[in-house]
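Asker: Have a look at the structure that comes next, please.
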Amino acid sequence: WLSALESTKWLQHLSVLLKSALLVIHAVDRDQRPVLVHCSDGWDRTPQIVALAKLLLDPYYRTTEGFQVLVETEWLDFGHKFADRCGHGENSDDLNERCPVFLQWLDCVHQLQRQFPCSFEFNEAFLVKLVQHTYSCLFGTFLCNNAKER
């Protein structure tokens, strides 16, 4: 099992995300410098890093309400391609578009929540439920690529 996990480089991806968020935090909090975060397209690594940094910088985002706001603003409002990345859309057969970007971010949040449980208002069950409904198609929240489609 561990060799299968290692072959995916999942943990390396999480490490890079957490380190990138720490770079943002150091620049903003310690050095008082503005930061611009932008990946090649703006809807994959960008929300991962920015949302992690905001989660770590501001305890409001570690409340249930704040976490909801964080997901809405950094992921939904800024147009993360949930339909394409989760395989919900018209191009669901295109495996090149599928990518567990949101799931990676939630795993980073989970790692932080496990290390600092008293710093979070929500628990692992909350995150698991969010993962389930990201892929369940029971709600329209994660079915589309942008607000216009929703």
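Glycine too: its Cβ is placed from the backbone N, Cα and C atoms.
Remember, TrEMBL labels are computer predictions, not curated facts.
According to TrEMBL, the active site, phosphocysteine intermediate annotation covers C39. Annotation comment: TrEMBL describes C39, S40, D41, G42, W43, D44, R45 as substrate binding site. The annotation domain 'Myotubularin phosphatase' is assigned in TrEMBL to 1-150. Positions annotated as signal peptide by TrEMBL: 1-27.
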Asker: Please indicate, using numbers and ranges, the residues of the same chain that are 6 or more beyond the signal peptide (1-27) and have a C-beta under 8 Å from a C-beta there.
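Answerer: Residues 33-35, 37, 45, 48-50, 52-53, 56-57, 104-105, 107-108, 111.
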Asker: Minimum Cβ neighbour count within 10 Å among the binding-site residues D41, D44: which residue?
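Answerer: Per-residue Cβ counts within 10 Å for the binding-site residues D41, D44 bottom out at D41.
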Asker: Please report how many Å separate the Cα atom of R45 (substrate binding site) from that of C39 (active site, phosphocysteine intermediate), as a whole number.
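Answerer: Checking the Cα atoms of R45 (substrate binding site) and C39 (active site, phosphocysteine intermediate) gives a distance of 6 Å.
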Asker: What does DSSP give as the helix, strand and coil breakdown of the domain 'Myotubularin phosphatase' (1-150)?
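Answerer: Looking at the domain 'Myotubularin phosphatase' (1-150) with DSSP, the answer is 98 helix, 0 strand, 52 coil.
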Asker: On average, what pLDDT score does this prediction assign to the domain 'Myotubularin phosphatase' (1-150)?
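Answerer: On average, pLDDT over the domain 'Myotubularin phosphatase' (1-150) sits at 92.
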Asker: Restricting to the chain of C39 (active site, phosphocysteine intermediate) and a gap of 6 or more, list residues whose Cβ falls under 8 Å of its Cβ, or answer none.
Answerer: R45, T46
